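See below for the structure under consideration.
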Amino acid sequence: MAGKAVLKGKGGGPPRRASKVAPKKTRQLRVQMPNGLVLMRMLGVLWHALTGTARSPVLKAFWKVVPLKQATLALRKIKRTVSTLMVGLHRRGSRRTTIDWMTPLLITVMLGMCLTATVRRERDGSMVIRAEGRDAATQVRVENGTCVILATDMGSWCDDSLAYECVTIDQGEEPVDVDCFCRGVEKVTLEYGRCGRREGSRSRRSVLIPSHAQRDLTGRGHQWLEGEAVKAHLTRVEGWVWKNKLFTLSLVMVAWLMVDGLLPRILIVVVALALVPAYASRCTHLENRDFVTGVQGTTRLTLVLELGGCVTVTADGKPSLDVWLDSIYQESPAQTREYCLHAKLTGTKVAARCPTMGPATLPEEHQSGTVCKRDQSDRGWGNHCGLFGKGSIVTCVKFTCEDKKKATGHVYDVNKITYTIKVEPHTGEFVAANETHSGRKSASFTVSSEKTILTLGDYGDVSLLCRVASGVDLAQTVVLALDKTHEHLPTAWQVHRDWFNDLALPWKHDGAEAWNEAGRLVEFGTPHAVKMDVFNLGDQTGVLLKSLAGVPVASIEGTKYHLKSGHVTCEVGLEKLKMKGLTYTVCDKTKFTWKRAPTDSGHDTVVMEVGFSGTRPCRIPVRAVAHGVPEVNVAMLITPNPTMENNGGGFIEMQLPPGDNIIYVGDLNHQWFQKGSSIGRVLQKTRKGIERLTVLGEHAWDFGSVGGVMTSIGRAMHTVLGGAFNTLLGGVGFLPKILLGVAMAWLGLNMRNPTLSMGFLLSGGLVLAMTLGVGA
């Protein structure tokens, strides 16, 4: 046996030859020292023990060779001296004051003892040292041995803790790649919290989340971080200032006179201009506005409504209506995946084995909610192994998610989405953009809804039959909602399902407890002998928000999840609508005053409001003429049969041809120049008609019968060319239109040139079809 290597327990120590003289070579003789030197050295050791600092090499060598008897005598002498000083302080305090200083002093000493590293024994016989940041570079007495703590990442105790083995080495060995080692005692574990200490270095700080811009969704909703809302609002402010120069100048003068300082003046003017109320009644405050005009005898119109837009319906002998799609939402949609944006790591434990001792194991490896990693570390003589090589090491940490740091996905059900449509008649009352008209009615539709009839008071009834379409592919759409932590951030976004499912974040389904792919927010450090650090990647909210730039924004109001893009196609029945005030007498022309002078609405129309001091109710005489043709009324009234009622009225909206015009309301007159081009207006209305027909898609055609095909063709013609036809021949009567169509068809039949013949025939047919048609 003398020639063989001997391994010590639990991996063994360095191999050595059994020799009778070996103990004499390694053991140092404890010779007698001067008593004064021993006392001075013991005071130094005591000082370092009280302050928690590391001892110098001289004191370490002294502690190893000092005779036990001399050390005990020196400590007893120090104890007697401290006791004498304590008694003297107590006596002096009792003579001068009644305050007992002994009790606070003892409490302070005991508290200091409690705050130092504590040692406890587990049921399996192992010892556990619980240390804190102040215990770094200190020795701890454990039974008959001592343990040295060299860890630098210790903080105050909390859930973010770390536990690993304190290796046992011999007196002659030097520690290698360990933060804790013991001599004279085995099976010791070090545990400490890491709160309050500085974060360690990480190779990465975020996960990789691709931008969502490559997966565009259909629809024209507001997009986050695109700047469109700011641009749109600045455009509105600019338009209002340009149309209200006098009011703007007055506002600037008032601010300049009432406020001192250049910067406050500028701020007040800018804020006031951003909040100024513009002329607004029903659809006039919306930029996306469309006009649909029915010909004489029209009883049914097909409208295309989209979020953020409005359609004004006008027809001969019928009151004008504003119809718009107000909201698209679903109550409490189903929840799909839930992602964690900020991990909370607690209870880290490490187990390690020497080479050839098998794999390291931890019970936490088989528990849910933990993240583990296996690796190999360098082991050898300086860290309690008899062989040099790679040893197994495993680290596990408990994973949970921080509060208010989750991103949840919700999916829509097509059958449960509600579309809210609002209808409002033109009553001649001025209503500001932030006010609600008393005659406004609402109707809600789903996929299974039938026809709805709305009662508009004195204006009769209007029927709505709508086919809903979301404007986005709901099967591939997920509403990504964040916990609301910052008021300036949006609440939710409409994202593509594939992008949502591919997010590199921990996730779980609704109701589940364990997180899948929890290791995506955890990083493990380089393995040391018996320790492997664990790092938290931190909050990933900023990375997610960056990837959402350009994504359509959704909104959540209570349990209602709103879509920000979509459209519906509605058939509006006008047969039961009736005009109000047809039997009123005409108002006295001399008693009108301007309440709001004519101004451009931004939709190629003119809006105004007049006051009346005569007897009510009555009909307002209003017309407009072009320069040089005073006998022809060129005004197309959007507000039909404007009246002055007992409790309101006087708001008028009309459309004028481009050029110089004069507006007459009673004896009032106003010079007005209408910007634009007649040809451009025709082309624009034709373009809008084509857009409406495109949105209608397959719903615009009925191939079930010959009559259905002819009806579909007529409806398509009215949809595409109705606006242009009304612009060109809107002021021409019914009979002249019939005669014009017949004349053009007759000319086409008698033309010898085939091209001209076909042109006249098509033109005459269109005029007759648009005049005699009953739907648009």
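Note that the numbers count up from 1, one per residue, in the order the chain is shown.
Every residue, even glycine, has its Cβ placed from backbone N, Cα and C.
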Query raised in the report: Topology question: in Swiss-Prot, are PRO57 and GLY511 both on one face of the membrane?
Result: no
Report summary line: Between the ranges 147-167, 462-482, 756-776, Swiss-Prot assigns intramembrane segment to 756-776
Query raised in the report: Do you know the mean pLDDT across the topological domain 'Extracellular' (281-727)?
Result: 82
Query - Remote residues contacting the topological domain 'Extracellular' (749-755) - C-beta distance under 8 A, at least 6 residues beyond either end - result: 761
Query raised in the report: Long-range same-chain neighbours of ASN144 (N-linked glycosylation site), Cβ under 8 Å, sequence gap at least 6?
Result: GLY184, VAL185
Query raised in the report: When DSSP states are grouped into helix, strand and coil, how many residues of the topological domain 'Extracellular' (749-755) land in each?
Result: 4 helix, 0 strand, 3 coil
Report summary line: Using DSSP three-state counts, the residues of the region 'Hydrophobic' (33-68) come to 27 helix, 0 strand, 9 coil
